[in-house]
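Note sheet for the following structure.
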Amino acid sequence: MRALWVLGLCCVLLTFGSARADDEVDVDGTVEEDLGKSREGSRTDDEVVQREEEAIQLDGLNASQIRELREKSEKFAFQAEVNRMMKLIINSLYKNKEIFLRELISNASDALDKIRLISLTDEQALSGNEELTVKIKCDKEKNLLHVTDTGVGMTREELVKNLGTIAKSGTSEFLNKMTEAQEDGQSTSELIGQFGVGFYSAFLVADKVIVTSKHNNDTQHIWESDSNEFSVIADPRGNTLGRGTTITLVLKEEASDYLELDTIKNLVKKYSQFINFPIYVWSSKTETVEEPAEEEEAAKEEKEEADDEAAVEEEEEEKKPKTKKVEKTVWDWELMNDIKPIWQRPSKEVEEDEYKAFYKSFSKESDDPMAYIHFTAEGEVTFKSILFVPTSAPRGLFDEYGSKKSDYIKLYVRRVFITDDFHDMMPKYLNFVKGVVDSDDLPLNVSRETLQQHKLLKVIRKKLVRKTLDMIKKIADEKYNDTFWKEFGTNIKLGVIEDHSNRTRLAKLLRFQSSHHPTDITSLDQYVERMKEKQDKIYFMAGASRKEAESSPFVERLLKKGYEVIYLTEPVDEYCIQALPEFDGKRFQNVAKEGVKFDESEKTKESREATEKEFEPLLNWMKDKALKDKIEKAVVSQRLTESPCALVASQYGWSGNMERIMKAQAYQTGKDISTNYYASQKKTFEINPRHPLIRDMLRRIKEDEDDKTVMDLAVVLFETATLRSGYLLPDTKAYGDRIERMLRLSLNIDPDAKVEEEPEEEPEDTTEDTEQDEEEEMDAGTDEEEQEQEPEKKSTAEKDEL
């Protein structure tokens, strides 16, 4: 009986289990679940696609609802231009995939701008959702990235029109309506945008894009596309957004990095940290919180307290619940753009400390800026900007000068970072200037290459240069001379050479050493103020160092007469001055070239002419005989006082300093026609008629023009003048031989006397040493043989004894 009862109970349980299993299959079972993962390969391609689509779920919709939704949605084909645009974007236009997030946030900002402007005239515009924010959420499990804004949203018609056709962003049409409605004609350039183009960049990282949008004048709709076609349908969940748009990206496998919180945060800070509206990212952090203690721990603590505090137990009216501290991972919205763009505020409202803090944050520098300027430019293009001059020159400032792009100027369009990858935002010589430019008139173009050619960018560049030069000009003289010029003086000189339109402004910023002060530098304005009466030229002398320049024979008479001479000691200096035709109406005169003349009285003029006539025989002898192939002409000098002679370049020839620089160029091959032309030009040989060497030469050639000693002396004087004038000798050995010959004559040594020959050393007798070595080797060999024979002798002796 008992066995029957147990058997019946088992049957009932089996029946119940079978019925329950049937119920579960009927409710939630699918073919895929029944087959299991082990039969994945038996599915058809259509089944796999269907299952992948069902895995893409929106909040509040399960797989079957999503499938039903797709079946009922209205299908559309993209406009032909849209297909071409998407292919262009995906294949080539966007070189950097990460900008998709910048574009989506920019679109969200435009939508928020719209609703905020509408709310100024419509109090009910924000009733659906008073928040004006952008929120970004990553869903690693479902491979989804959500970007949600509470902007104006889109109606069904706008979803089809704006996302299915190109150049129909909705924003431009919106601006037209607002312009017509405004009576005062106030500009609404804040709202300019190109939603239709930037939106398609989402397909750079997404296989599928789902847009859920709610407009105040329509119900909530869902737009979905895989880049081939799109569909639109009313959202069966109803109004879940209140107002605004959520863009959901089903990321490609290779784009999974964009589901990492650190990646998203860095992109937001890089491109969108100055957007006008708060941007939040759904992120986690670890917090220490208090939780109720477990019952056993609480009971134990209560017992201990009861033993220790039995005396006061009656006085406690209520007992607090026992808790403990634990670490938990808490998820919340984290604000990413807490730094507000100070360039959008009036400069009068920004404190100096704020500029310094912004500069350090923006440039990643630890030092304060040397100078800054905050301005708003208006006219053909309107933009706001803050520019900074760093305290010290960036490392490698002139490495690859001209070919390396400057990335110190960051371009924003409506607070959206566009790029810092520019070659032409600032001229090359201002490549040390750092700053931001924010324009509302530039388009949010999809290509920085296209933007680079935009005509408004050239206008911006022109204004940036002018403002930068104004900023530099306002740096205090002491700070300018001691700090700025040491760090960036070469840049200003290069600017004089390269920037024709701003050459006059840049010339006022130049600083040079001069004979006026042994250490201080001077400006050209200060030089002109100190010029002597009737002085019509600015005199300068170029050399490898100040010592070389101020000891040059070319400056002797100028310094003696009290004229100030500018010393050019940097390789770029002479190029810089050559690029300046004049300064303040005064032309520049290189004192190492022809053209140096002094104001002279009639008496002085007569004396000079008499001297020239006196030395005419020597001058002709030098030109036609002694130095026939070496000089263009020989003249009596007006610039020499101590030196016997000097070699002077023509007005369009190379000075000694310039020739040395040109021949030292790394790319110099000797085949350049212009270089060879300048280098081969003959020069003028100037003599000092008051020098004893010159006067004695005049006496000697009058006695004998063919005197070999005088001929040698003339050549040595020429070669010495070549060196003292800064030029290089083509044959230094011949120069050395002539100097030696002159020294022999001065010491009464026969010029043809030969150098004494060294006595030949007798070779060392190595025969005895060799024989001795051979004997030692033979003895050593004999010893070795004897040592080898000893064991044999011992063995024989032992045998004999036996």
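Including glycine, each Cβ sits where the backbone N, Cα and C put it.
The ATP binding site feature in Swiss-Prot is assigned to Asn107, Asp149, Asn162, Phe199; the stated evidence is similarity to another entry. With a 10 A radius on its CB, Asn162 (ATP binding site) counts 23 other CB atoms from all the protein chains. The DSSP secondary structure for Asn162 (ATP binding site) is helix.
Annotated compositional bias 'Acidic residues' per Swiss-Prot: 289-317 (among others), in sequence order.
If you look up Swiss-Prot, you'll see Lys404 (among others) marked as N6-succinyllysine.
Feature annotation from Swiss-Prot assigns site 'Important for ATP hydrolysis' to Arg448; the stated evidence is similarity to another entry.
Packing around Lys633 (N6-succinyllysine) is summarised by its Cβ count: 15 other Cβ atoms lie within 10 angstroms of its Cβ, all protein chains included. Taken from Swiss-Prot, the feature N6-succinyllysine covers Lys633 (among others), and the record attributes it to similarity to another entry.
Under the heading compositional bias 'Acidic residues', Swiss-Prot lists 757-789 (among others).
Feature annotation from Swiss-Prot assigns compositional bias 'Basic and acidic residues' to 790-802.
Annotation for Phe199 (ATP binding site): same-chain Cβ neighbours under 8 Å, separated by at least 6 residues, are Glu103, Leu104, Asn107, Leu163. Distance from the CA of Lys633 (N6-succinyllysine) to the CA of Asn162 (ATP binding site) is 82 Å. When the Cα atoms are compared, Asp149 (ATP binding site) and Lys633 (N6-succinyllysine) turn out to be 84 Å apart. Under DSSP, Lys633 (N6-succinyllysine) is assigned to a strand (E or B) in the three-state scheme.
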